[in-house]
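Copied over from Swiss-Prot:
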type	residues	note
REGION	1-41	region 'Disordered'
BINDING	Ile63, Gly64, Ala65, Gly66, Phe67, Phe68, Ser69, Glu70, Val71, Lys86	ATP binding site
ACT_SITE	Asp175	active site, proton acceptor
MOD_RES	Ser220	phosphoserine
REGION	331-373	region 'Disordered'
MOD_RES	Arg338	omega-N-methylarginine
REGION	419-524	region 'Required for interaction with YWHAB'
REGION	423-488	region 'Disordered'
REGION	527-624	region 'Required for interaction with PARVA'
REGION	529-564	region 'Disordered'
Amino acid sequence: MAGERPPLRGPGPGPGEVPGEGPPGPGGTGGGPGRGRPSSYRALRSAVSSLARVDDFHCAEKIGAGFFSEVYKVRHRQSGQVMVLKMNKLPSNRGNTLREVQLMNRLRHPNILRFMGVCVHQGQLHALTEYMNGGTLEQLLSSPEPLSWPVRLHLALDIARGLRYLHSKGVFHRDLTSKNCLVRREDRGFTAVVGDFGLAEKIPVYREGARKEPLAVVGSPYWMAPEVLRGELYDEKADVFAFGIVLCELIARVPADPDYLPRTEDFGLDVPAFRTLVGDDCPLPFLLLAIHCCNLEPSTRAPFTEITQHLEWILEQLPEPAPLTRTALTHNQGSVARGGPSATLPRPDPRLSRSRSDLFLPPSPESPPNWGDNLTRVNPFSLREDLRGGKIKLLDTPSKPVLPLVPPSPFPSTQLPLVTTPETLVQPGTPARRCRSLPSSPELPRRMETALPGPGPPAVGPSAEEKMECEGSSPEPEPPGPAPQLPLAVATDNFISTCSSASQPWSPRSGPVLNNNPPAVVVNSPQGWAGEPWNRAQHSLPRAAALERTEPSPPPSAPREPDEGLPCPGCCLGPFSFGFLSMCPRPTPAVARYRNLNCEAGSLLCHRGHHAKPPTPSLQLPGARS
């Protein structure tokens, strides 16, 4: 029946399943018999198929900083495109950065942060993503800008759709917060997208009789589910609890800090105290949904397939002018419909477009909220020393790739597609760089490039987008709803192409296409680079406890820890070689006996007397040297 409220059930589709489809097959991909699991090394190969240098960008401003990275708004010097550069600042987070790059390169959804490319500098990978002009959801909620209930419901629906897509791929976020939900400001309203997939993990499958090992305790404590904080078994329902905390932030416009959002001693939501923060203008189903998602029992939390349907139903039930219409009409009988006030009628009540929480200033540390009782509450996160009051971020050391994210290649296993450098990264008509010294990032040899007609980059059509096939899932059809959905972004405005020549054609009509990182990545540079006595410089991404190459090398007697490896049919990335993805019969490069001074040089080192003029950025990024 039209308008009937969809039920909220606890158990939903199994991990990796899509509604209406069965579980993944024995092969793990769910694409039918005979289709094997795609090799994970090709996922990384495609993710870094286009490399940019730090010097290719002009740093506009620093827009944020997290626990492990700094975020900059940058502009590409040649194309003028504005992007976001997420620079990793801790060596211990290198694995998570690589895991995030691999995953984001294969996610295609309007409510998932779009991956633009990779910037490499001094052996570290930094992700390039689209720029969101609205900032984070946390910043929007703490601002004095009014947000009506339809706007808040649309923001919640966008986040739920992004997570529904992510879960349909067999992956869950594990670090969903209002800081990691970004907002795009448009003429028609706001659009929310989900970002920061550094802690994403495959959805575990706990079988009866099998040994069950819990995943690591990771995430931001204020949004972490109780079962995660207790070190118990957890799955994708932990994302549902985090989504419930985000809904509480949306409804009451308060931070997730327990000093403002009341919590219980078992890390649950203090429902009676939270109700005192919510005005009577809040749609009751919206409030009940937030309480339902924060249930302490994971099995009772609804999956995102049902949460999105429920949010769409709530939007359909809202009155046309605003959810405060019934209350506002008792005070102002002259209010008119959305078409605008008439010259002969009184001005409509301003609360028609604003919720009750908009009528008050955002909370401040000096004025804690009044929860309507005199009970003394204790911050449960301050009772555990390892959580440090909840103002930290728990990180895990990645071990394996999150997903085999690359579809099967149409080429034979002995024939790998070439890696091409986009023409926009190289000035048209200029010869290949003679200077290969650090700290400039490696540039693929010119012989690997594809000749592009014309002076500028060609337009990349929808056929260049790759379809993602992994873990028993197919492209998920988006049900029609009142929330505005952006069409899937194609790479026409991207200066960096994130697809290889083995990509499969994709049509927007077919619907949205659909970290446990290796501990070490060794990237060998092309021949001719300076930096070592035998003209073979190398970038090294060692384990978390390893130091930079600029540090003094260990004594020769120290044992060298071998790199983990997975078999692959050949060398990866052409001139680049990733140790954890390839087990080629090559000797391990010896440790440099002398300190590498290339990273400290003030000018570039050139060969054969040729000196290239370094770029002169007006505002240098951290670590960028010319």
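Including glycine, each Cβ sits where the backbone N, Cα and C put it.
Distribution of Swiss-Prot features across the structure.
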residue	record	CB count, 10 Å
Ile63	ATP binding site	16
Ala65	ATP binding site	12
Ser69	ATP binding site	22
Val71	ATP binding site	16
Asp175	active site, proton acceptor	25
Ser220	phosphoserine	23
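When the Cα of Asp175 (active site, proton acceptor) is compared against those of the binding-site residues Ile63, Ser69, Val71, the shortest separation belongs to Ser69. Comparing Cα positions, the residue listed as 'phosphoserine' lies closest to Ala65 out of the binding-site residues Ile63, Ala65, Val71. Confidence annotation: the region 'Required for interaction with YWHAB' (419-524) carries a mean pLDDT of 40 in the model.
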